[in-house]
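Taken straight from Swiss-Prot:
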ACT_SITE  Asp26  active site, charge relay system
ACT_SITE  Ser119  active site, charge relay system
DISULFID  Cys89-Cys106  disulfide bond
DISULFID  Cys115-Cys139  disulfide bond
DOMAIN    1-163  domain 'Peptidase S1'
SITE      Asp113  site 'Required for specificity'
Amino acid sequence: NSGGVLVSVAAFKNHEGYNSKTMVNDIAVIRLSSSLTTSSTIKTIGLATAAPANGAAATVSGWGTTSSGGSIPSQLRYVDVKIVGRTQCASSTYGYGSEIKASMICAYTVGKDSCQGDSGGPLVSGGRLVGVVSWGYGCAAVNYPGVYADVAALRSWVVSAANSV
C-alpha cells in the first residue's frame, strides 16, 4: 500500500503467436513512459538462457489472491515453489498431459501456487527470470502445478520485442 512507484505504460507488444485457447506463447513486453531508478526495492533481473533443472528452487510473486475466489492482498506476496520440468509436468504424475507445450514451464509445491491476479508476474530461479505467470487449474490444487511462460524458450522473442516496442 505504500512505498511503491507508479509508472504508466507507453507501449506494449503481445507475442504474435499467442493462443488464448492453448495459452501458447503467453508473454508480452511493455515499455514504460519513464525510466525507473534502481533502489533497494527496484532491481533489474537477467533473462534465463536455459530452463532450470527439475526440482530447482524458485520464487513467484504478485498481487493476486491467496486462494481461488479470495480477495486481493494489500501487500505484494511471494511463495517458494519447485520447478517441475516440462516432460514431468506433462506426464501422468500431474493432471495436464498434452496441454503443456514447448513455450511453458511448471512449478509446484503442495499447498503453494500463484493465483488469480498474479498473471504476468515473475517466476525467479537462480537469480534469473525463468517464467511469467500464465495459467493453472485453480490455485494450489493437488497434482496441478502452476504453469508459466518459459522465458528461456521465448527469450529471443522477448529481446527482439524489447528492442522494437
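Don't overthink the numbers, they just go from 1 along the chain as shown.
Every residue, even glycine, has its Cβ placed from backbone N, Cα and C.
Cys106 (disulfide bond) carries a strand DSSP state (E or B). Within the same chain, the residues at least 6 positions away from Cys106 (disulfide bond) whose Cβ sits under 8 Å from its Cβ are Ile83, Val84, Gly85, Arg86, Gln88, Cys89, Tyr94, Tyr96, Ile100, Pro145, Gly146, Val147, Tyr148, listed in sequence order. Note: the Cα of Asp113 (site 'Required for specificity') and the Cα of Asp26 (active site, charge relay system) are spaced 18 Å from each other. For the pair formed by Cys115 (disulfide bond) and Asp26 (active site, charge relay system), distance between Cα atoms is given as 16 Å, rounded to the nearest Å. Between the CA atoms of Asp26 (active site, charge relay system) and Cys139 (disulfide bond) there is a gap of 18 Å. With the fewest other C-beta atoms within 10 Å around its C-beta, Cys139 stands out among the disulfide-bonded residues Cys89, Cys115, Cys139. Around Asp26 (active site, charge relay system), a 10 Å sphere centred on its CB holds 26 further CB atoms from the protein chains shown.
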